[in-house]
Every structure is written in C-alpha cells, then in structure tokens.
Amino acid sequence: MNRNPDQNTFPNITLKIIETYLGRVPSVNEYHMLKLQARNIQKITVFNKDIFVSLVKKNKKRFFSDVDTSASEIKDRILSYFSKQTQTYNIGKLFTIIELQSVLVTTYTDILGVLTIKAPNVISSKISYNVTSMEELARDMLNSMNVAIIDKAKVMGRHNVSSLVKNVNKLMEEYLRRHNKSCICYGSYSLYLINPNIRYGDIDILQTNSRTFLIDLAFLIKFITGNNIILSKIPYLRNYMVIKDENDNHIIDSFNIRQDTMNVVPKIFIDNIYIVDPTFQLLNMIKMFSQIDRLEDLSKDPEKFNARMATMLEYVRYTHGIVFDGKRNNMPMKCIIDENNRIVTVTTKDYFSFKKCLVYLDENVLSSDILDLNADTSCDFESVTNSVYLIHDNIMYTYFSNTILLSDKGKVHEISARGLCAHILLYQMLTSGEYKQCLSDLLNSMMNRDKIPIYSHTERDKKPGRHGFINIEKDIIVF
C-alpha cells in the first residue's frame with residue numbers, strides 16, 4: 001500500500017523539506033527512503049538557480065560562443081532539470097537525481113563557475129628549445145622501432161571525436177591555470193606548450209577530483225547543447241572516466257589520482273599550468289613502445305611521434321645535460337623472461353642498490369606474492385605508472401601492464417627491454433632516486449640501432465570488472 005504519510009507521524013521539518021522538493025506529499029516509502037537525504041535535498045531546494053543560470057550563460061559566452069543556443073533555452077534546460085524530481089516516482093532515479101543535483105549545487109561554482117571571473121596574470125615561463133637539432137636523432141631512434149606489421153584484416157576500433165572538443169580544450173586551458181594544484185596535463189598539449197609545432201587533439205589530464213569535475217562539465221555541455229551526455233568508466237583503466245555525447249563521440253577523459261600521488265609526480269610550470277615533466281613523459285613513451293598496439297600506431301603516423309620525441313629529447317638534453325654520443329654502457333639492462341610464470345627478471349645491480357627487479361605480467365599474482373612476503377612498504381602510483389612497486393631484500397617487485405615483445409623464442413626484444421628499464425626509472429623519479437646516468441645510457445642505447453623483427457609477444461593481463469556509466473538523461477548511475 002502506497003499511503004501518504006500522516007503529518008503527525010513524521011517530524012514536520014523533514015517532511016516539509018521532502019514535500020517541497022518533490023512538489024507533492026511523499027508516499028510512506030518515499031519518505032523513509034529519502035529522509036536521510038534531507039540535508040542534501042534542502043541544499044538543492046535553497047540553491048539560487050538564477051545565479052547558477054548566470055554562471056552557465058557566462059561559461060557559454062566564453063567557451064562555447066559558436067554553439068547555436070539562446071539564453072532562454074539554457075535557462076529552460078536548467079530549470080527543467082532542477083524540477084525533474086517532481087515528475088519522477090522511481091526511488092532509484094530519485095536518488096540519482098539528488099546525487100547529481102547535489103554535485104552541481106555544492107561544487108559547480110568553485111570548479112567551473114570560477115572560470116568566468118578575471119584570471120590572475122599569466123606568468124610567462126617558456127624556454128626556447130632548439131627542437132630542430134633533435135629531429136634527425138628522433139627519426140633514427142623511431143625508425144629502428146618501426147617494426148610492427150599491420151594486419152590489414154584487423155578491425156580497428158574507431159575513436160569518434162566530438163565537434164565540441166575545441167570548445168572543451170579552450171575551457172581546459174583556463175581550468176588548468178585556475179586549478180593547477182589539483183589538475184595537471186601531459187601528452188601532446190603539454191608538449192605543445194614547449195614546442196608550438198606539436199599537433200594536439202583533446203587535452204590529457206590527471207586530477208584529484210576527476211569525477212566531480214566531469215559531472216559538472218557534463219551538465220554544462222548538456223545545458224548549453226541540449227544533448228544527452230554520458231560518463232563512462234572503463235574497468236581495465238585505473239580510475240579513468242570519459243565523457244561522450246549521445247552519439248558515442250569522445251569529448252574528454254580524465255584519470256583520477258590521490259593528492260599524495262599528485263604531490264610526487266615530477267612536473268614543470270609553464271604559463272601558470274603544471275605539466276608532467278617531459279623527462280617522465282619520455283620514459284613513459286619508451287615504456288609504451290613495448291605495447292604492440294603502440295608500435296602499430298607508430299607505423300601509421302611516424303611523423304607525429306617524431307615531433308613529440310624530438311621535443312622531449314631536446315628538453316632532456318637542455319635540462320639534464322644529456323650527451324648523445326652513443327655510449328650505452330649496460331643499457332638496456334639484461335632481461336630474462338619466464339614465459340610460463342609470466343615474470344621478467346631484470347638485472348639492476350649495475351645502476352641501483354637493489355640487485356634485480358622481478359617484473360610481473362599479472363597484477364593479481366604480484367599482489368598475492370607481496371602478501372606472502374609480509375611487506376607493507378609498497379608504493380602504488382595509480383595510473384601514473386599503472387603499477388605498484390616494492391623493494392624487499394634488495395629485490396624490486398613491480399607490475400608491467402604492457403605486452404612483452406620477443407625477438408626470438410624466450411628472448412626479450414630490446415624495445416621491451418628498454419621499456420622495462422624505463423618503467424624502473426619512473427619509480428626512481430617518483431621517489432627522488434638517482435636516475436640521470438641510467439637515463440643517459442638508456443637514451444644512448446636507442447641510437448644507431450638496426451631494426452629487429454618481432455618474433456612474438458606476450459598477452460596483456462586481463463582485467464576483471466564491468467563498465468560503469470552515468471546517464472544524465474535516464475537518471476542512471478552504475479559503478
């Protein structure tokens with residue numbers, strides 16, 4: 001029986017809050033389910049919608065001026081969403097509406113609304129780099145790694161890009177300046193800030209409040225365009241979310257990291273924006289070349305990779321005084337693979353205090369072995385390295401999420417050997433350890449190399465889990 005609650009049965013204040021919000025007297029079930037949400041509901045009810053409408057209009061004028069929509073349409077969409085609960089009777093949908101409205105009323109002003117007020121002066125901090133001098137070296141390095149054979153029968157997943165990306169990029173440039181303690185960028189846009197000749201698509205970001213930011217941005221886009229916006233979570237990418245429109249076109253994505261991880265990520269300051277240190281990005285690029293898919297990307301567009309690598313090589317030459325003379329010493333470090341147990345042993349004693357590194361290709365196996373070691377000093381850098389690291393009894397234990405390329409049966413390809421070395425160097429940088437000699441040898445080991453065909457490769461670790469999503473239009477949250 002779905003009776004209305006007796007006014008004398010429930011506390012009048014809570015009942016009144018829920019009644020005002022729903023625009024009707026709640027049923028007994030609605031009251032009991034929603035009473036613990038009374039505080040959030042009250043915040044939503046007293047929220048000044050007129051000020052919010054004004055902020056969205058200002059965001060539209062500044063970042064989405066080319067989108068054909070009127071001020072009255074924006075206002076109608078906002079007021080319609082904030083009254084949606086009055087026509088909703090499903091408890092699950094009501095909870096979703098309350099949660100998303102709560103995010104808007106408590107965070108939008110500080111996260112996106114602030115972008116409409118006068119910005120602090122930009123501190124010009126660019127250094128002139130002679131990238132041209134590194135282009136030939138980068139091309140030589142990449143040419144020796146351009147060994148993937150493209151299977152023309154292989155069906156490649158299409159990455160459709162929304163026309164709104166350019167608007168969101170404009171917003172993100174300002175967002176990165178205003179929120180540079182909680183959000184940093186990497187990838188092509190960050191390198192563009194060093195070398196304006198770099199081409200970039202969307203802006204790659206790491207931040208500490210990814211979910212909240214993406215929800216606020218999704219609503220901004222919805223209110224301006226009227227389109228249904230969906231946020232998706234991918235299980236095999238740690239703390240990753242992406243915004244897509246109703247036609248599955250990519251708008252922006254983001255990785256979320258803890259503040260303590262953000263604090264140790266090496267970064268540099270350019271024009272009021274923090275970017276991941278290009279040295280760190282170069283190591284990540286070398287690491288990623290162990291992934292067969294990335295080598296296929298290199299084969300399709302070598303010049304794109306060349307521009308990026310030349311920029312990063314010039315940065316490390318200028319910043320660290322790296323001399324490119326071909327002296328490689330013990331790089332890449334010796335790597336022996338146990339294909340049955342899916343563990344690669346890297347001999348590290350020539351460079352580091354730990355004598356070897358056991359690189360696991362299955363994360364669950366590593367987690368189990370760490371438990372058996374009864375060690376509690378492991379470091380988890382989340383999506384920054386996509387791995388945990390532990391040093392115990394002079395042995396490093398870590399996980400490698402990419403494929404391992406083989407140049408012959410049981411023999412690790414030098415591309416993967418360098419990738420494993422780069423993975424270890426990422427740890428050294430994150431923990432303020434010694435890395436510069438090793439970095440110099442690693443980069444020099446990439447010079448004057450012949451192409452070595454790929455014999456085979458290991459499979460990537462299979463990640464369990466299901467896709468999650470937030471569908472604003474349908475009032476569904478699945479995580």
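Numbering starts at 1 and runs along the chain as it is shown here.
Each Cβ is built from the backbone N, Cα and C atoms, and glycine gets one as well.
Here is what Swiss-Prot says about this protein:
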ACT_SITE  ASP202  active site
ACT_SITE  ASP204  active site
BINDING   ASP202, ASP204, ASP253  Ca(2+) 2 binding site
BINDING   ASP202, ASP204  Ca(2+) 1 binding site
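Separation of the C-alpha atoms of ASP204 (active site) and ASP253 (Ca(2+) 2 binding site): 7 Å, rounded to the nearest whole number. Straight-line distance linking the Cα atoms of ASP253 (Ca(2+) 2 binding site) and ASP202 (active site), rounded to a whole number, equals 9 Å. What surrounds the Ca(2+) 2 site, by Cβ distance within 8 Å of the Cβ centroid and not counting ASP202, ASP204, ASP253, is the set GLY187, GLY201, ILE203, ILE205, ILE252, SER254 from the same chain. Cβ-based neighbour count (10 Å, all protein chains) for ASP253 (Ca(2+) 2 binding site) stands at 20. Around ASP202 (active site), the same-chain residues at least 6 positions away in sequence with a Cβ under 8 Å from its Cβ are VAL161, VAL165, VAL168, ASN169, HIS250, ILE251, ILE252, ASP253.
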